[in-house]
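Taken from TrEMBL as is:
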TRANSMEM  A:34-56  transmembrane segment
TRANSMEM  A:97-115  transmembrane segment
TRANSMEM  A:127-149  transmembrane segment
TRANSMEM  A:155-182  transmembrane segment
DOMAIN    A:158-347  domain 'ABC transmembrane type-1'
TRANSMEM  A:203-221  transmembrane segment
TRANSMEM  A:274-298  transmembrane segment
TRANSMEM  A:304-322  transmembrane segment
TRANSMEM  A:329-349  transmembrane segment
Amino acid sequence: MAVFEAKPALPPPVLTRGPVGWARQNLLSSPLNVGLTLVGVVLIVALVVPAVDWALLNATFRGTTADACTGTGACWPFVTTRLDFFVYGFYPPPERWRVNVLFALLALVIVPQLLPRFPGRRALAVFGFLGLPVLAAVLLLGGIAGLPFVETGKWGGLMLTLVLAMVGILAALPVGVVLALGRRSKMVVVRVSCTTFIEFWRGVPLISVLFMASVMLPLFLPEGVNFDKLLRALIGIIMFQSAYMAEVVRGGLQAIPRGQFEAAHALGLGYWRTMGLIILPQALKLVIPGIVNTFIALFKDTTLVLIIGLLDVLGSVQAAIVDPAWNRVAVEGYVFAGLCYWVFCFGMSRYSHALERKLQTGHKR
Amino acid sequence: MRNLKTALAALGVAGALGLGTAHAGDTLNAVKTRGELVCGVNTGLPGFSMPDEKGHWTGIDVSICRAVAAAVLGDATKIKFVPLTAKERFTALQSGEIDMLSRNATWTMSRDTSMGITFAGTTYYDGQGFMVKKSLGVTSAKQLEGASVCVLAGTTTELNVADYFRAQGMTFSPVVFDNPDQTSQGFESGRCDVLTSDQSQLYALRLKLSDPASAVVLPEIISKEPLGPSVRQGDDQWFAIVRWSLFAMLNAEELGLSQANVDDKKTTSSDPNVRRLIGLDGDFGKQLGLDNDWAYRIVKQVGNYGEVFDSTVGAGSPLGIARGLNALWSQGGLQYAPPVR
């Protein structure tokens, strides 16, 4: 009895599979796309090749002085010899381990948030919001538990940037939510004061807020009453960013249909439970992109403190590139600072995407 | 409404009181109790005040702070440096946030009279100058007829250069930039023939050119920019301490006292001028509110004026600025300190 034996199928034509097929389909499918591909290739060759050449191939990586940089490329020893200054600022070297501990704690709190199955993830998040700020203040300032006191004037570099951003983010979100709720409140005094606060802080540029905090405020305080320059800047940043955050959150609140409020009332929930259990979880989920956008803007806005003489990572780079012992290192310094900001902002953006995907089970695109 | 007005008036009064309430002795006592001198400096100006790789402040302005700390507290390292921008520098001093300001501020009449501050002396006689490409073969600013000049926007340098060319009956075309880095790049790329700025900065900018030897700084100086430390008005004792700390450094150079030989001189010197300065004869330090070793400590821990100048902006530093106006009066310069007696 003849048995049908299937012959192995022929492979698809070589032009439609593998890299060749992919290129034909994606890069060369029409005359217009052929043109665009060509333009892209030219751009890559014209821009990326010289950049890689400068930053990696012709660059100098080893050495401790300007004399080490003989090539035509970047002079990275400038960054490596000053890395400690860029990261810790004027923080006293024997105490820098405290900053490292804080960096480690930050990583410990943040990294598990990106891994959905990490055990104890929620506990870590709660610790990050409530425990970490206190612990960070104790670690960085010292003065108790045998840690020597380190005044905020000695803080600087990347560490100062992270402190400003972290405090700003942790404070602006809750304050912003409260302001947004206040602005939609039925109580006149609450509503008017919240609206006034928001409109005032949104109406002035951050740069003038910082100027007022550092130049005008000390003149109005009696002599001898000086409160910390960093604290003044922080308060300015928190006020400013929480006003923006409030408007983002209000957008979310307004997107919640009236039926949700009515249903909550029908269940007999009071104001706080309605908001906390029904409205805010939905509203905040809707505005995650807006919130993260504000965080990213806040992170980058912290550079403005350099106009009031606080040397954050960009400020310390700027203070260093004028060093006459190093010839032409401005680009290296700025690339380093830019990279620092990019890493953190890109990280935040990726996290928000992950969060959106996880939460948007109801209305996916 | 009336309450609002009262509140505002109260704020205004508080502000007015906050200014100029320094009394004689206040600052010295505050510094001694604190055990630390708070000194306002530039956030980064080569040779004047700049953090090095390890975050230690260096520069000629910084050394003045160190000298005052050595005189008052006995230790040149007991200082908190407050980096300040140009806009906040005087407020920080007026409000009492800092004890003294040593931040390349030009001593002008309006600052000395109407801002509640007093300049204690001149650490560096600066002035606006010109830098040109060597290939032009120009040796004097008088040959710059019709030149294009790179200049920083919105500064007094821009006004000074216009004044100078008009006074000389010459024409020029300004090429204006926003920051010093762009200015030097404009110069290097040939956008202009001449770059103008304060001389001390010209030397720093010249070093940032790809071939520093291709440019020369012309000898003419077209403006007076005496840079020096300042203190709040009203505390004469503190003013005297800052002023004489600078004078002590100048006198030390004049008398040949240096960091290296001051210990030796302290035991061997019979020159009455030296003995008075380092506290072997007389009670000059006590009259200042300090002890008689004050000037000895300045020289021992910081050095004399010449040594400081050399290591920060002068021949021993990358800037390599000649002493010029900042030489001692006995060597053709302007630096002159009254005698200790």
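Cβ atoms here come from the backbone N, Cα and C positions, even for glycine.
Since this is a predicted model, take the numbers as computed values, not measurements.
A Cβ distance under 8 Å defines the sequence-distant neighbours of the transmembrane segment (A:155-182), meaning residues of its chain 6+ beyond its ends; these are 85-91, 99, 102-103, 106, 129, 133, 136, 140, 190-191, 193-194, 197-198, 230, 233-234, 237-238, 241-250, 253, 275, 280, 284, 291, 294-295, 298-299, 302-303, 305, 310-316, 340, 344.
Same-chain residues lying 6 or more positions outside the transmembrane segment (A:97-115) and placing a CB less than 8 Å from one of its CB atoms are 87-88, 91, 121, 124-125, 127-128, 132, 135-136, 139-140, 142, 147, 150, 159, 162, 166, 350-351, 354. Within the chain, the transmembrane segment (A:329-349) has long-range Cβ neighbours (under 8 A, six or more residues past its boundaries) at 55, 74-76, 78-79, 86, 158, 161, 165, 292, 295-296, 299-300, 303, 313-314, 317-318, 320-321, 323. Residues 227, 229, 232-233, 235-237, 239-240, 301, 304-305, 307-309 of the same chain, all 6+ positions outside the transmembrane segment (A:203-221), place their C-beta atoms under 8 angstroms from a C-beta of that stretch.
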